[in-house]
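Taken straight from TrEMBL:
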type	residues	note
DOMAIN	1-35	domain 'PH'
DOMAIN	70-155	domain 'DEP'
Amino acid sequence: FVFKLTAAKQQDHFFQAAYLEERDAWVRDIKKAIHCIDGGQRFARKSTRRSIRLPETINLSALYLSMKDPEKGIKELKLEKDKKVFNHCFTGTSVIDWLVSSNSIRNRKEGLMLASSLLSEGYLQPAGDTSKAAAEGLSDTPFLDLCDAYYYFPDSGFFCEGNSSDDDVVLKEEFRGIVVKQGCLLKQ
């Protein structure tokens, strides 16, 4: 999950993310910053609080910590969809249900607004095609109140395993190669 950024003075900077989604988020923000700078604009992440008129009384950071509480927070699960297993994640519906049960919101519509704020500010991350498409603006709201829209906490240890269906035939193949980086094997 390493990417390289070459500065104007031909200086190379290497960045390593903890997981694929984090790397993609960094790349997306850096590309946006480059586009803004090239256009003579100031780069700033859009504040969701202002754009959706989120009340100042709502503390997203404190809400996030409550959501992560091991006893009373949102339960992180191992979910399966489209032959992929998503570890340490939860559904959009469970987020809205938790917000309602914790009396953070009055109704599901308010929950969508608050969850969208958490998503925009980086407290929640989309996992899977459904939630990623919504977060990229391909839906009416960036956050989805659906059982098949998956999300995770950025520091949760989330990872996705592909093609995990029991119906798949697992080929017992011997892997050979040379180590090019610790933890990576180049297949011959």
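Cβ from N, Cα, C; glycine included.
Below 8 angstroms of C-beta separation, residues 43, 45, 122, 125-127, 154, 158-160 of the same chain, each at least six residues beyond the ends of the domain 'PH' (1-35), sit close to that stretch. Each residue of the domain 'DEP' (70-155) gets a DSSP state, and the totals for helix, strand and coil are 33 helix, 19 strand, 34 coil. With helix defined as DSSP H, G or I and strand as E or B, the domain 'PH' (1-35) counts 16 helix, 10 strand, 9 coil. Model confidence over the domain 'PH' (1-35) is summarised by a mean pLDDT of 83.
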